[in-house]
Structures are given as C-alpha cells and as structure tokens.
Amino acid sequence: MDADFRFDPDGSDDDGAAASAAAGRRKPAQSPWEFSSYAESVAAEHARRRTTSIDEKISQALSGSRRGGKPSIPDGDSEGDEDDSEVEDDSEEDDKEVVEGEIDDEEDEVEESEDDDEGVEVSDEEVEELEEGKGEEKSDEVEEGEEGQDGEEEEKEEGDEEAAEEEEETDKKSGVVDPSKFFASSEGASFHANSFLELNLSRPLLRACEALGYQKPTPIQAACIPLALTGRDICGSAITGSGKTAAFSLPVLERLLFRPKRVPAIRVLILTPTRELAAQVHSMIEKLAQFTDIRCCLIVGGLSTKVQEVALRSMPDIVVATPGRIIDHLRNSLSVGLEDLAILILDEADRLLELGFSAEIQELIRMCPRRRQTMLFSATMTEEINELVTLSLNKPVRLEADPSLKRPATLTEEVVRIRRAREANQEAVLLALCLKTFKDKVIIFSGTKHSAHRLKIIFGLSGMKAAELHGNLTQAQRLEALELFKKQEVDFLIATDVAARGIDIVGVRTVINFSCPRDARTYLHRVGRTARAGREGYAVTFVTDDDRSLLKAIAKKAGSQLKSRIVAEKPVAECAKLIEELEDQISTIIQEEREERILRKAEMEATKAENMIAHKDEIYSRPKRTWFATEKEKKLLAKAAKESTSQGKSNSGVISAQQAEDLRLKEKKRREREKNLPRKKRRRLEAEREMLEDESEDEEEAKESKGGKKEKKGQSLVDVAYRRAKSMKASGKRGAGTGKGKNDKKAKQHSGKGPTRQEEMQELFQNDMSEWKQGRSLKKNNVMRKKSKNSFKSKSRYNRRK
C-alpha cells in the first residue's frame with residue numbers, strides 16, 4: 001500500500017484538494033486506456049497471413065518515389081503564407097459574403113484578422129440565411145431533447161400497490177408511459193461533490209482514483225454513485241465526456257468488494273454497442289480495480305472464441321461484452337450462465353438500438369434474473385430508449401446532469417464551406433488544413449470505409465503520420481490504431497462513426513468532419529471526442545452545398561459559437577497537384593491490397609478443405625451452434641426494418657418481427673378465404689380490386705399532370721393485357737362492320753372527352769361474361785329476356801311477371 005496516501009475524512013475540502021494536487025505532482029497520473037497488448041498480435045497476424053501492413057506498403061512506395069523523384073510536399077512553415085486564415089463569429093456582423101481566405105500557420109487558435117491587404121473578407125451570410133431564411137425547419141433532435149426533460153423531477157403518487165402494478169402493466173402493454181408514475185423520485189440526489197471521499201468509497205478505489213488523477217467527481221458521478229450503492233435502478237443521461245464510465249464502474253466495484261468470495265460467479269454484465277468502447281470500458285475497470293482482487297474479462301467479436309470461452313468458465317466477476325458475442329457464448333458454451341447476475345449495465349443505449357441490437361437486448365434481459373439492479377446510460381434520450389427503460393428497469397431514478405444536446409463551453413466550432421466547384425478538391429482542402437493549422441492530436445471522421453482508407457494512404461504518402469479505424473480492419477488492427485494514437489506515435493486518426501461514441505482519448509485537440517454527419521445527434525457525438533472534462537478543443541466541419549439544411553440546424557443550436565473558417569486557394573491548389581501526382585502510387589497500393597486479399601481468401605479455402613479432410617470426424621461430431629432467433633425470424637426482422645426505413649416512419653412506427661409475422665399470416669388467411677369462394681364472387685372481387693387500383697393510378701397521374709412532373713414508366717402486365725383486349729375488341733367491331741371510321745375517331749377526339757378507363761374496364765368485363773351472368777336487367781335488341789314458364793314456382797307468379 002502506498003505510504004504517501006492519506007485517508008483524512010475529517011479534513012477540510014481545501015486541504016484534501018491540496019494533498020491530492022501534491023500527490024499528483026509527485027507521481028504522474030496513469031492512463032485509463034491500455035491497448036498495448038494488441039500491438040504484438042497484429043504483427044503475428046500479418047506473419048500468419050503472409051501479408052504486409054499498409055504502413056509497409058506506403059514506405060515501399062515512398063522509397064520507390066525517392067529513387068524516381070519524389071513529388072514536392074507543401075511546407076507548412078513557409079514565410080509567404082503567414083496570416084493566411086481569417087475567422088469571425090456569426091454574431092459579429094450581418095450581411096456579408098463568405099470569400100475564400102487563407103490559413104493561419106502560426107497559431108492553432110482561431111483569431112480574428114484585421115489585415116485586408118489582399119482584399120479578403122470573412123463572412124457568415126450563409127449561416128445567417130440558414131438561421132433566418134424562409135421555410136425554417138425545426139430540428140427533431142432539439143424537440144426530442146426538450147421532451148426527454150419533461151417530468152424529470154415529478155414525484156410518484158402513493159397509493160395501493162396492487163393498483164399501481166396493474167397500471168404499470170397496462171402502460172407497458174399500450175406503450176404509453178407516464179414519467180411521474182414510472183420513474184421514482186430523484187429527491188435527495190446531489191450533482192455536486194467536492195471529492196471522492198464524500199461518496200463513501202473504499203480505500204482501494206480511492207487509491208485508484210488518485211493514481212488516475214481524478215480529484216473531483218463530475219456532476220453525473222456525484223449524483224449516480226450514492227444512488228447506485230443503494231441498489232437503485234438508474235436511467236442516466238449526460239453530455240459526452242462527463243465521466244459516465246466511472247459513474248457506473250465505481251459503485252459496481254464498491255459492491256463487489258463485499259461479495260461472497262467462496263462462490264465464484266458472473267455478477268456484473270456491461271453491454272456496449274462497439275468493440276472499441278467495450279475494450280475501453282474493460283481497460284478502465286481494470287485500472288480502477290488494480291488494488292482489489294476483482295476480475296474482469298472482455299467478450300467481443302473479432303477475438304478468439306476459445307480464449308473467451310475459457311475466460312468465462314473461470315467465472316470472472318465482471319463481463320464487458322457486445323450483445324451478439326455474449327449471446328453466442330451463453331447459448332453454445334458449456335457452464336456459462338447468468339443465474340447469479342446482480343447488476344446489468346447498458347452503456348450508450350441509444351447507439352445499441354440504432355445499430356439494431358433491440359432483439360438481442362430483449363433476449364439478454366429475458367435471460368437475466370428478475371431481481372437485479374439495472375443501470376442504463378445514454379448521451380441522448382429518445383422514444384426507443386424510453387421503451388427499453390420500461391422493459392428493463394424497475395422504478396428507476398432518472399438523472400440528467402446536463403441537457404442532452406448541450407456541448408461543452410470550451411469547444412470552438414467552425415465550418416469550412418465547400419463550394420460545388422471545389423467538391424472535387426475536398427481531399428486537398430483537408431490536406432492543406434492539416435499541413436498548416438491542425439498538425440497533431442486530430443481525429444478525422446470520414447463517411448465511408450473506402451474514403452477513410454484512401455485518406456490514410458494520402459496522408460502516409462504525404463509524409464504525415466496517420467492511423468485508420470473502420471470496419472474493414474481486424475479487431476487487433478483497430479485496437480492497435482487506438483493505442484498508436486493514444487501514445488501520440490501518430491498525429492491523425494482517420495475513422496468512421498465507429499469511433500464517434502464513447503472513445504475517450506486524452507488530449508484530442510481537434511475533430512474534423514471530412515464528411516458531414518447525417519444529423520445533429522451524430523454531429524454531437526463526433527465533436528464530443530474533443531473538449532472533454534473541461535479541456536479546450538476545436539471542431540471543424542466540411543459542409544457542401546447539399547448539406548445546407550444540416551448546417552442550418554447546427555447553426556441554430558450552436559448560436560454564436562459557430563464560426564466560418566476560410567481556406568486559401570494557393571495551398572489547396574498545391575495539395576491538389578500533390579494528390580494528382582500521387583494517384584499512380586495510390587492505385588498501386590490499392591491493387592496490391594486487392595491481390596493480397598484474393599490470395600488470402602484462396603489460401604483460407606484451401607486450408608479449410610484440408611482441415612475438413614484431416615479432421616472430418618471431429619468437425620462433424622461438434623454440436624451445431626444455435627441462436628435465439630431462426631433464419632426465418634431474422635429475415636422477417638430485417639425486412640420489417642427495411643420497409644419501415646423506406647417508408648420514412650418515425651421511431652414509434654417501426655414494427656417488430658412478431659408484428660410482421662402476424663401481418664403475413666393475416667394476408668395468407670385472406671387469400672385462402674378468397675380461394676374457397678365461388679368462382680363468380682371471386683371474379684367479382686378481383687374485378688373490384690382491379691378497378692380500385694386503376695382509380696388510384698388515375699389519381700396519381702392526375703396529380704403528376706397538375707404538378708407538371710412527367711416520368712417515363714414501364715407498362716405492367718395488367719396494362720398490356722388491358723390494351724390487348726381493347727385492341728382485339730376494336731378489331732372485331734371493325735371486322736363486323738360496326739366500328740367507327742377514322743374520321744369519326746378524330747371527330748370524337750376533337751369533340752370531347754371519351755369514356756374513362758373504369759367504364760372501359762366494366763365494358764370489357766361484361767363482354768367476357770355470358771348474358772346469363774350479366775344479370776336479369778340486360779336487354780337484347782331493346783327487349784327483356786323472358787324466362788320460361790317452368791322457371792317459376794307457381795302459376796300466379798308467372799302471371800304476375802307476364
């Protein structure tokens with residue numbers, strides 16, 4: 001035990017703060033994230049696959065370019081480019097124009113420039129037009145954030161317990177939840193604490209907080225830790241970077257210190273949406289539990305299943321997992337279960353539902369004991385989150401430390417306007433910005449995996465140290481990229497939205513949105529990677545002309561914080577020329593990777609065939625791996641999600657797989673019922689259905705003609721059959737001499753509107769039927785068809801009809 005550590009609960013807050021500051025000066029704080037163990041496995045992975053890393057390919061290309069003459073890279077510290085960047089606040093001036101400026105290479109901070117020697121003006125007119133323009137649209141994210149705060153501090157009415165339970169059950173069935181009835185009162189929860197000593201934590205955890213450099217709890221930690229220690233269910237929401245991981249980790253570790261140690265069991269399950277976030281939470285818990293005997297294991301996809309199975313059989317106290325892999329182990333691994341689970345934690349719950357894990361979450365909740373503590377944490381609260389809360393939590397306490405869409409005050413947000421003429425040079429704009437202004441500790445968010453990989457190659461060939469993080473990499477490569485960026489061995493981390501949630505890397509100065517995020521919520525989580533825990537940070541977003549609506553929504557929420565950054569033409573032109581010269585090397589590297597991928601796939605197939613021959617009996621003797629949903633159910637769920645997305649439904653309109661199955665069975669029963677009808681009724685129903693479809697088509701065509709929109713559409717089989725029958729009827733009339741001549745046809749066209757399509761369909765339908773089926777009211781040669789005398793029941797009826 002550290003002799004310098006002092007436990008002095010009776011001392012003043014100032015003395016404790018001074019002591020902790022002195023301890024911090026004596027010993028550097030540890031980093032909570034450790035991914036170094038995966039770096040060695042990446043080298044072994046490449047050796048096993050007989051492939052080379054992208055960095056080796058880039059170094060080979062650079063060595064070849066040196067022999068053949070290397071393209072000139074723009075210097076970021078040239079004297080002629082001083083004072084090239086100009087930035088102004090949106091609230092400074094009105095009625096200006098955004099004009100391309102130049103980049104400031106002397107300071108990383110954005111300042112206002114008063115030098116107008118080159119005739120460059122800085123303007124935010126587009127931002128103001130979007131704020132005050134016609135037809136403004138309110139952002140859904142703001143409305144959701146405001147709705148999520150309603151009923152936050154209402155107290156639950158006391159009454160008969162049985163009646164309350166019945167009301168809750170009916171609410172759950174109907175999907176309507178009254179916050180005042182469902183959530184417990186948050187009275188007594190305090191969002192302020194001077195030190196961790198006030199939170200009733202044990203000495204080992206206080207030592208761990210001291211080693212990590214934690215001196216004062218954040219608001220969500222101060223409110224969550226005391227309530228979690230009492231075993232209450234919690235629904236927590238706070239801004240990104242507010243310390244949610246430590247908010248649920250510390251009370252969990254405190255409770256596990258007093259567990260029955262004679263019986264090992266899995267007592268805590270933590271679910272995260274991504275593998276990187278799971279690895280980060282696992283590393284954080286190991287750092288906080290370094291002075292205890294609590295064991296924790298990581299269960300995510302992309303890593304060895306056998307190693308994870310052995311770890312689960314050893315019954316660790318805490319399991320940090322992604323939903324799919326933990327369900328796989330619970331169903332297919334022996335001696336692995338959640339019978340003794342005491343705490344279930346859902347981290348980044350909104351992201352879990354966005355990625356389609358709702359069915360997996362419900363299955364895990366079903367497998368967990370009912371008498372458990374459940375904690376749910378999310379940066380934003382949506383309707384789907386509220387539905388999940390009603391299913392998994394029991395009288396939870398809702399804690400909202402900050403507004404869900406509030407960004408840190410230390411964050412400086414900027415916009416780089418990409419004109420339509422410069423969209424082809426967007427990579428050059430990014431390269432110029434990174435060469436001159438933002439040179440280290442930068443996360444660049446790309447929209448696609450292909451774009452992120454291409455940017456990695458461009459940065460490498462330009463002599464800039466960068467790492468990539470996206471779904472095309474193996475899990476070891478993804479974690480190695482995080483470790484390299486954390487150790488500052490690379491200056492840039494080029495990632496997709498995989499890194500947009502929960503990833504907390506100390507010291508990130510800048511976030512660049514190379515591709516504009518899909519909505520304001522995604523923007524919030526991206527820029528939340530910087531300016532964390534009170535530090536300063538910059539967020540730069542590239543906005544094209546097609547992203548004006550999103551820029552308007554961001555500007556409305558950001559207010560005067562949003563600034564306009566101007567990038568000069570000269571450095572962009574130099575970088576565009578450089579990228580053009582590097583295109584041959586980029587295509588060569590991509591071709592090498594493609595060939596390696598094809599070769600590796602062929603080797604895998606050959607190895608698989610050899611193993612099937614050599615170990616045939618062992619392979620076929622293994623039990624088949626099962627899943628909680630069948631292939632049919634998974635297809636139905638995917639189809640329902642696709643239909644709801646294509647129809648543009650809201651979150652409340654998304655149907656489940658069971659509902660989709662019910663609709664399919666209902667349609668099947670209707671078809672069977674129609675099949676058993678008499679032929680006459682069945683044909684009548686079919687004719688009515690065709691008429692309704694024709695009427696709807698006519699209405700759509702009329703609307704399109706009114707709106708002036710004409711689209712070329714192919715003809716369906718029904719239309720072809722209809723036109724064919726119509727032409728055959730017309731030719732038959734002409735053959736019989738009853739058809740109209742050409743002059744009559746032209747006269748009819750000029751005289752007025754002809755019969756509608758519905759009338760023509762009725763006429764065709766009646767002509768196909770016999771006279772008997774057309775009904776008694778049909779006339780032939782203006783004479784009613786007479787019935788025979790034998791068809792009447794009595795002579796009096798025959799006389800009356802006579």
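The backbone N, Cα and C atoms fix where each Cβ goes, and this holds for glycine too.
Marked as ATP binding site by Swiss-Prot: ALA238, ILE239, THR240, GLY241, SER242, GLY243, LYS244, THR245. Using a 10 Å Cβ-Cβ cutoff, ALA238 (ATP binding site) registers 26 neighbours.
Per Swiss-Prot, the feature coiled coil maps to 90-122 (among others); the stated evidence is sequence analysis.
Taken from Swiss-Prot, the feature coiled coil covers 149-174 (among others), and the record attributes it to sequence analysis.
Through the fold, the coiled coil (572-616) approaches residues 49-52, 54, 57-58, 61, 64-65, 71-74, 422, 425, 427-429, 431-432, 435, 454, 457-458, 461-462 of its own chain, all at least 6 residues removed from its boundaries and within a Cβ separation under 8 Å. According to Swiss-Prot, the feature coiled coil maps to 572-616 (among others).
Residues or ranges marked as coiled coil by Swiss-Prot on the basis of sequence analysis: 671-712 (among others).
Residues annotated as compositional bias 'Acidic residues' in Swiss-Prot: 76-131 (among others).
Residues or ranges marked as compositional bias 'Acidic residues' in Swiss-Prot: 138-169 (among others).
Residues annotated as compositional bias 'Polar residues' in Swiss-Prot: 644-659.
Positions annotated as compositional bias 'Basic residues' by Swiss-Prot: 666-684 (among others). When DSSP labels each residue, the compositional bias 'Basic residues' (666-684) comes out as 16 helix, 0 strand, 3 coil, counted as helix, strand and coil in that order.
Annotation source Swiss-Prot lists compositional bias 'Acidic residues' at 691-702 (among others).
What Swiss-Prot lists as compositional bias 'Basic residues' is 776-802 (among others).
What Swiss-Prot records for 225-399 is domain 'Helicase ATP-binding'.
Residues or ranges marked as domain 'Helicase C-terminal' by Swiss-Prot: 429-573.
Broken down with DSSP, the motif 'Q motif' (194-222) shows 17 helix, 0 strand, 12 coil. If you look up Swiss-Prot, you'll see 194-222 marked as motif 'Q motif'.
As annotated by Swiss-Prot, motif 'DEAD box' applies to 347-350. Within its own chain, the motif 'DEAD box' (347-350) has Cβ neighbours under 8 Å at 244-245, 248, 270-273, 277, 281, 376-382, 384-385, 388, 501-502, counting only residues six or more beyond its boundaries.
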Number of Cβ atoms other than its own within 10 Å, given for SER242 (ATP binding site): 22
In three-state DSSP terms, the structure that ALA238 (ATP binding site) belongs to: coil
Local backbone state of THR245 (ATP binding site), from DSSP in three classes: helix
DSSP-derived helix, strand and coil totals, residue by residue, for the motif 'DEAD box' (347-350): 2 helix, 0 strand, 2 coil
